[in-house]
Structure formats: C-alpha cells, structure tokens
Amino acid sequence: MADDGLLLNFSIGDTNIIKPETKLKGGTWRDRLSAKKIAQHRTKNPRKPGEERPSSGKGPQNPNRIQVSSSRPSKRQKTDADGDNEKSRHDNKQHPRQFVSSLFSKNPTPRNAEEEPEQEPVEDAKPTNAPLIDGLDTFTNLGLSPSLAAHLLTKLELKAPTGIQKASMSQLLKEDSDAFIQAETGSGKTLAYLLPLVQRIMTVSNPKNMSTNSKGEPIVHRDSGLFAIVLAPTRELCKQISVVLESLLRCAHWIVAGTVIGGEKKKSEKARLRKGLNILVATPGRLADHLENTQALDVSNVRWLVLDEGDRLMELGFEKELQGIIQKLDARQRPSRIPGIPTKRTTILCSATLKMNVQKLGEISLKDAVHIKADPADEDGETKRKDDDGFRVPAQLKQSYAIVAAKLRLVTLTAYLKRTFMRKGSVMKAIVFVSCADSVDFHFEVFSRRKQYRDESEDEDEEKEDDDEDNSKTKSEASPHGTIAPAVAFSNPSNPVKLHKLHGSLPQHVRTATLNAFSREREPSVLVCTDVASRGLDLPNVDLVIEYDPAFSADDHTHRIGRTARLGRDGRALIFLMPGCEENYVEILKQGYRDGGKALTRTTAEDILKRGFGGNITSETKNWEEKATDWQMDLERWAVDNPQYLEMARRAYQSHIRAYATHIASERSMFNIKELHLGHLAKSFALRDRPSKINVPGLRPGDKEAKKDYKAERNTVGKKRKAGGRDDDFQPSNDATSAAQKMRAKLKEHMAGASEFNLA
C-alpha cells in the first residue's frame, strides 16, 4: 500500500500517560492502605523540580532515620558571615522575645469628657495656713516670755503665729488637760506643741521665779530629769523635730534635748541618756527598747507626752509599743521635787484627720481631752463635719491632674520636668513621689546617667580617654553615697539641675545626709522619693510636688502635696492618672477643697509633650512627637545595652505592679489592677520584653548585704555573751524587718491598709 503522506502529531505531557500501578506487598492491611493513599495523593499533586518534598507523619518509617519537624527547611540557605540572615539570627539569640511598640498608637482615650472652664475670673485664694495678720495676735500676747518671743522674731524670723499655734498656746499654756490638735498640713503644727512645752519648762527654771539654787543658777539642768517625750513615726520626722527644738532652745541653753531613733548606735544613745536630757524625741520602737533595757533612762519626772502624726503611728503598727510606753510611764511616775512641775502627765495627740485609728489611739492615751482646731468660729456645722471625716488642702495650693496613658508616663514626666526647669528661677525645688524603692532607683538612673551612655556609644573606640575624664567629672560632682547627681535628662546649660533620691531601704546616715543636702541646696534640684518624705518634713523652697504614682490613700495624698504651699506660701501640685477607672479619683481630689474643687485643673499628655519637646512653635505639629519617640527609643536602647540597668528596670516594673495592688479598700475600685495594661506599662520602664517573660528572682541588691551584716553582728554579740561580756549594743531585731512584720500583722486585722510599699 502506497504512502498517502498523512502525518499525525500527538502532544503528550512530561509524565507518562499510563503509569504502572505498583502492587504493595507485606505488612498489615492498615500499613498497605496508608501507603496506597499516599501514592494516590502524590499522583494527583505532582511535585515540581526544586520544590521541597512534603513530609508526612504517616506510612512506614525507618527506625534509624531522625525525624525533622515540617516547619524546618530541608536545607539551610548558605550566606556570608556578615549577611543579613546571620545578623538576624545573632540578634534573636541575644535579645529574645522583644517587641518595639509605637509610642503614640493604641493608647486608650479618656472616659470622662473634659470640663469646660468657667468664664468668670477666679480670684486668688487667701492662704489658710499663713501667719495671722492681726497685730494683736503676737507671741507675747499669747503668753510666751519676752525672751522666747524675741528669739522667734530675731533668730527664726517668725513675727506672728498661725491659727493652730494661737489656739494651742491659748489652751496648753493655761491648763494641764490632755489635748487633740487637728490642723491641715503645713500650718505649723510642730511649733504648736513645742512652744508651750518649752515655755512651761522655761517658766519652771526661770531665776525670777525663785527656782534657783544658792548661787542663783537655774535649778533645772540636764541632770534634773526628763520632763517631756515627743514620739514621731519616722526617723526623718524625728530629726526635723529635733532641729526645730534645738533652734528654740538656743535662748534657754540650760535645757537639753536629744533623740533616740532606729538606725543609730544604741551605745552612743545610752551615753547621751546617762549624761541627762530634759526633752527626748524618739521613735516608738527604739523608746520601748530603751525603757525595757536601759536603766539610765529615768521617766519618773515625765509630765508631757506628745504623739505626733497619730494616724501614721497606728498605720505602721505601733499600737502595742504605744500601749507599753504609756503603761510604763504611768507605773514609773513619781512626785517631782522641783517646784512648778505639774502633778500629772499631759498627753498631746496631733493628727491632720480624725480617723478610726486615731480615735482608738486617743482612747488609749487621752483622758478628757480638749479638741484644738484653728479658727473654729469661722466654720459652719457642715464644714466642720466634712473636715472631721475628710482631708483639707491649703487654699493657695494650685493643684492639677494629668490624664496620661501607660505608654506615655515616663516620657511625659520628662517633658514636664523639661518645661518646668526651662527658665532659671521659675521653680527652685520639686519633689517627685513614686510608689516603691526600686522605682526610685530606676528613675534616678534614667534622669542622671544618660550622658554617660551617649558618650560611650558615640566615641567608644576613638575617645576612651575623654570618656573616662567625663565620667570622673560626673562622679566627682555626685555624692559619695550615690544619692545625688546632675539631672542630665531635663537640665540645660543655662539652668543646671541636681537630682536627689530617697527611700527607706537606704542606710540611716545616707537618708539623713541626702535630706540635709536637698534642704540646703541653693541651686534648682529635684528629689525622687517614696512616702518616707511625705510626713511632717518641712523642706524649704519646695515649689512643685509631682505625684507620678498616686498615693495609697487620700490621707497620704494630703501629706504628699503638703510639702509645698507651707505657712502661706504658694505652691503647685500635679498628679498623674491613667485613662479608665483612675479618672474617678478626681472626685476624691475635689473633696479636699472648700469650694468643691473649682480650682482643680485638668491637662493631657499631649499638651505636656508639646510644651516639653516642641517648645512654643505651633507650626511644627509633628516635631514634638518625633522628639518624644527618639527620647523613648534612646532610653530603651540604653536599657538593652546595659544589663545592670535592664535588671533595675525589671525590678522597678515588678515592684510597681505589686505596689499598685495595695491601695486601701475604699479606693481599690479606682485602681483596679485587672484593668492595668501590663504591656503598655512595661514601656514606661524602658522594657521591650513581654510581661510574662519579665522575671527578676531574688531580693533587692541592698537587702542581701544588709542581712549578711546583721547576721555577722548577731554572731559577734553571741560570742561576747558567751565570753561574759556586756551586750549593750545588742539589738533584738532589725528595725526595718520588725516594722514590716508589725505592719503585715496590722493589715491582717483590718484588710484595708497600705502595705510595706508605704515604708519603702
């Protein structure tokens, strides 16, 4: 047959049209079925060349083969040592589980709308704690001796008494009955009980009153006995009372005063007691110890007992000590051989509020007490009732609150301090209150060690010698105890600011030196501290108080802002609140004002950041956001690159959260820890880790050394006792530990108090 020239073209794929079917043999029927399904699946979804082979957990497996997870590639991509992949693996290994969030994104908005300001001009309020202007109310007219009144005028520059001083002197100089002094903070309450006390003792020892010996000398001297005891809750307050008392006694040099407080050497205190004292200022724990163990302390002539800050004495758990002190004073009291000394003891209780614990303390110590208040005739019944239950703020104090998201807390505080100290002479001194000691240490390092990090990061290899010189200069300017340093974060060349820190975990001599340095400082300065500096301390020239962390109770808030606007001077206070349930705390703030809180103003984080980082230029709307973000990112890099500061930030973060949960029961709904965004809060401590991965085991860095020192001292005392020596220096328990134990016991009784973070 001839060829007809017909060509047939068939297009076939790469795979065979007919694939021979493999027949599986061996094994169980389940294994054969699984293998058959896998083969059918591969036939339907053929694998392209160069594609990774999918792994399956089914089918027969070779027991000698190591199984690899399906997420891991079959072969790693080979790159250079300096490639991107190698660098990313190194970064992930060095800093795992870090997330850099934006500073201005996903921040909660305030729940309460901003109130419109009133159109009527607000007149400046008259100071409520200022000295009286009336010329008739002088110290001489109230019963003080001319010598003491002249000393107040010439040496202390006090021309007229305050309202509470007038009321207390009118009562305590004439009668010997017990008294309860209630006055707002900053009204001169210390002099209200010290002036009558000193005047009564001076009257007894005055030569004109025939209280002299054959040589015409006063019969009252340091060996005459102890006449008065003043108890205060904290060591700092005892130191301040002692300083005021010493200044008063310069006009009566024959009257000797002294102090016994925790943290000092008992041997030196016993030596002072043996020499003789007429007025003693003490803390309850140390006085109870001396009454029990020191025979040189003779209290048979004590005729005046003052309990200053009575509410704080009860909150710290000193109820048992106070009961023991009062019982020992009653049991050891004897008739005095000195003419003019009262026959019975007068007890004076001082407190800013009349709470239940103060009433309980009054039942223990007072008998038929007289209630002393400033200007009771100028107040109606409703105002009196409100003052008894709540707290009062000085009328001249300008207070404001800022609604700041958790992310923006630290950068907003920095912006506010930048704006405050932008011009020289605007603000002299400021106090920043935080909740715990770890937070004090962290913020002190943030505000004072920034320059050191910048110098080291920029010129680490080229200018090491210059960096060492700068660091040595910085260290030379700082204090030897590490509590004073230049505030580089918010200082400027025209207005340098010094930074101080203070908390209860510092040794006593360091706390005293830091307080004295801050009080005597003539340059602009800032004190970052806990509530240890909130009670009774009269720090001069404090123009601004910032509550970075809200107080644990409304009473503590009153004492915090009471560090400014004292004795009629002007002052400002700012409290940071987060959006949400904390906004309800504004109603608590308004209760402290006589006008219902009309003078209370509101601001936002955006306004503070614009003024602090953006200046007064309105055209650059985004410049302040970029500057704030750069400052925050630089701070986070500083924390990541320095393990010491990173650990400090983590400790501060955890301690802050624990302290946040210790608000009193009546205010706990406003500070609900369940509504706290832990991730956003971590950013305010320069942390990039997830909250669940922030773990800092162990004690604070200083606690371990303190425990070692205490154990070594205890072992030394034990060896002395075995050898038959005296144990005058033996201290049964550490003051800080015992105070914390007493406070925890008190919390278990009431279940509505602040924890040890109030002490820190």
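Placement of Cβ uses the backbone N, Cα and C atoms for every residue, glycine included.
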Motif 'DEAD box' per Swiss-Prot - which of 212-215, 308-311, 448-451:
308-311
Tell me which of 137-166, 167-196, 557-586, 617-646 corresponds to the motif 'Q motif' entry in Swiss-Prot.
137-166
State the mean pLDDT for the motif 'DEAD box' (308-311).
89
Cβ density check for S187 (ATP binding site), other Cβ within 10 Å (all protein chains) comes to 26
What does the DSSP secondary structure composition of the compositional bias 'Polar residues' (99-110) look like, as residue counts for helix, strand and coil?
0 helix, 0 strand, 12 coil
Take the motif 'DEAD box' (308-311) and find every residue of the same chain, 6 or more past its ends, with a Cβ under 8 Å from one of its Cβ atoms.
189-190, 193, 230-233, 237, 241, 349-353, 355, 357-358, 361-362, 535-536, 555
DSSP says T190 (ATP binding site), in three-state terms, is helix
Residue counts for the motif 'Q motif' (137-166) under DSSP, helix then strand then coil, are 13 helix, 0 strand, 17 coil
Tertiary contacts of the compositional bias 'Polar residues' (99-110), as residues 6+ beyond its ends and Cβ separation under 8 Å:
403, 405, 407-408, 411, 578-580, 583, 604, 625, 628-629, 632-633, 636, 677, 679-680, 683, 688, 690
Give the sequence-ordered list of residues that share a chain with K189 (ATP binding site), lie 6 or more positions from it, and have CB atoms under 8 Å from its CB.
I164, I181, A183, D308, C350
Which one, from the binding-site residues G186, G188, has the smallest tally of other C-beta atoms lying within 10 Å of its C-beta?
G188
